[in-house]
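Asks: To start, I am sharing the structure in question, which I have written as structure tokens.
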Amino acid sequence: MKAQRVSLWFLGTMFFLCSVHTRGLRRCLISMDMHHIEESFREIKGAIQAKDIFQNVTILSTLEILRSVKPLDVCCMTTNLLAFYVDRVFKDHQELNPQILRKISSIANSFLYMQKALQQCQEQRLCHCGQEATNATRIIHNNYNQLEVQSAALKSLGELDVFLAWVHKNHQGASTA
């Protein structure tokens, strides 16, 4: 009888902690129309990927790296990848086509908006960074650094759909798509 009470107490405590944790994560979800970003990328994807000469190399390693990220680390990983794209990829990429440049700028502005939204979570210490998120971020930066800067930026832009799919999956509760 005593073991049942302890088990029920333990189960109740775990349920409470999980619900508190989930509410904390919900406050850190991205509230943005992802459809606009995905549509902008779809319009330039073919042109970007056609310029990619390293077809057998990946920066994001499809979703393998991102799949290792635990739900608790989603905010951190999203923040890290947004910073990666804003601080490195968009800055390193040199585009001559004005239509493609406009779409990339639109995507970059959306990423800046998302960064600002997630910054509140970081300030409230709701954005946990565990070892998996840290390792995944390091692997992505290492993959990027193995290529020449222009090739790495182009490759990362071409893989933007991988990141967008991951964001959509992990932030679908607050996306207004």
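Using the three backbone atoms N, Cα and C, a Cβ is placed for every residue, glycine included.
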Asks: Return the single candidate from CYS76, CYS121, CYS127 listed in TrEMBL as disulfide-linked to CYS129.
Replies: CYS76
Asks: How many Å separate the Cα atoms of CYS75 (disulfide bond) and CYS129 (disulfide bond)?
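Replies: Cα of CYS75 (disulfide bond) to Cα of CYS129 (disulfide bond) measures 8 Å after rounding.
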